[in-house]
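**Student:** Taken from TrEMBL, the feature domain 'TECR-like N-terminal' covers 5-80. For 85-107, 166-184, 196-215, 235-250, 256-276, the entry in TrEMBL reads transmembrane segment. The domain '3-oxo-5-alpha-steroid 4-dehydrogenase C-terminal' annotation in TrEMBL covers 155-308.
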Amino acid sequence: FVSCQVEILDWETKKQLCFLDKVEPNATIREIRLMFHKLYPRWYPARQSIKLDPQGKSLRDEEILQYLPVGTTATLYFKDLGPQIGWTTVFLIEYTGPLFIYFLFYFRMTLVYGLDERFTSSPHPVVNLACICHSFHYIKRLIETVFVHRFSRGTMPLRKIVKNCLYYWGFAAWLAYYINHPLYTPPSYGKKQINFAVIMFLLCEAGNFSIHVALSDLRRNGSKTRKIPYPTKNPFTWLFFFVSCPNYTYEVGTWISFTIMTQCVPVGLFTLLCFIQMTIWAKDKHCTYLREFKDYPSHRMPIIPFLL
């Protein structure tokens, strides 16, 4: 075989950072990252973005040099992504916060409401139920993070963890403050409304978990190759017939049911923001599927069957 030469330039200044000689043509981008890391130890592989074009997308680890549109001398561009943190760690931090922050308000800590002992518990059973459901949701997320999720990207920029935590932790505090407040009033239609919401909540949580398991099974062998997800024998996965991201559909359904259960305006606003954000994510994934798979089911929508 004919060996290749790889020139790596800074994506911004176009200054040459290194010149790799006698690189095998079947070398992957991951292997090139490791070679680069040996020359520049401070830029570990997860921190590197390697591109064909300074303004283009980062090349994936599994892409092979000889299949890229380059000659025997390849010019690649490097961008420093900054300090990185693993996705498992990110999710554990993001989801542990809301779990414990909610309890500060549920147990009516005097530093929160400044009340005497006569007001340390709520007379409304729905307040206890809301705490159970909220806790169940985030415990499920933590379990999925450790045992279910398989991440195509191993890390995210460390700077984003602060923004994400402010979002999850801040909203958890806001919701908990009003739901557990001594002046909180229960839902207008009483037990019927609460029972309906609880059933809807549990179904959506089961659906969300089922979709995450189905997506994880696509990468059971550790492969990072993207595949088209299809419905399985599990009825909760049948939503794949109609949408590309049913995990987001079920997630929105979970928060809609929590809004109905608590009949609390802050919960409704949080649900609306969740829906907007997840719609953006779902559209991005849907477009990626359409771009990568010519045989992708044309009748699927991103998040809401037949509509959106």
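Yeah, the Cβs are placed from backbone N, Cα and C, and that goes for glycine too.
These figures come from a predicted structure and were not determined experimentally.
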**Student:** For the transmembrane segment (196-215) against the transmembrane segment (256-276), do we get 3 or more Cβ-Cβ pairs below 8 Å once near-sequence pairs (under 6 apart) are dropped?
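**Tutor:** Answer yes: the transmembrane segment (196-215) meets the transmembrane segment (256-276) with 3 or more Cβ pairs below 8 Å.
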**Student:** Within the same chain, where does the transmembrane segment (235-250) have neighbours whose Cβ lies under 8 angstroms from its own Cβ atoms, ignoring anything closer than 6 residues to its ends? I mean 6 or more beyond.
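**Tutor:** For the transmembrane segment (235-250), the list is 204-208, 210-212, 214-215, 229, 278-279, 281-282, 285-286, 289, 299-306.
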**Student:** In terms of Cβ proximity under 8 Å, which residues at least six beyond the ends of the transmembrane segment (166-184) contact it?
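**Tutor:** Distant contacts of the transmembrane segment (166-184): 94-95, 97-98, 101-102, 104-106, 108, 112-113, 115, 119, 122, 124, 127, 130-131, 134, 262, 264-267, 270.
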**Student:** Residue counts in helix (H, G, I), strand (E, B) and coil for the domain 'TECR-like N-terminal' (5-80), per DSSP?
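**Tutor:** Across the domain 'TECR-like N-terminal' (5-80), the residues distribute as 17 helix, 29 strand, 30 coil.
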**Student:** What residues elsewhere in the chain lie close to the transmembrane segment (85-107), defined as a C-beta under 8 angstroms and at least 6 residues from its ends?
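**Tutor:** Residues 120, 127, 131, 134-135, 138-139, 141-142, 145-146, 149, 151, 153-158, 161, 164-165, 168-169, 171-173, 175-177, 179-180.
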**Student:** If you average the pLDDT over the domain '3-oxo-5-alpha-steroid 4-dehydrogenase C-terminal' (155-308), what number do you get?
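**Tutor:** In the predicted model, the domain '3-oxo-5-alpha-steroid 4-dehydrogenase C-terminal' (155-308) has a mean pLDDT of 94.
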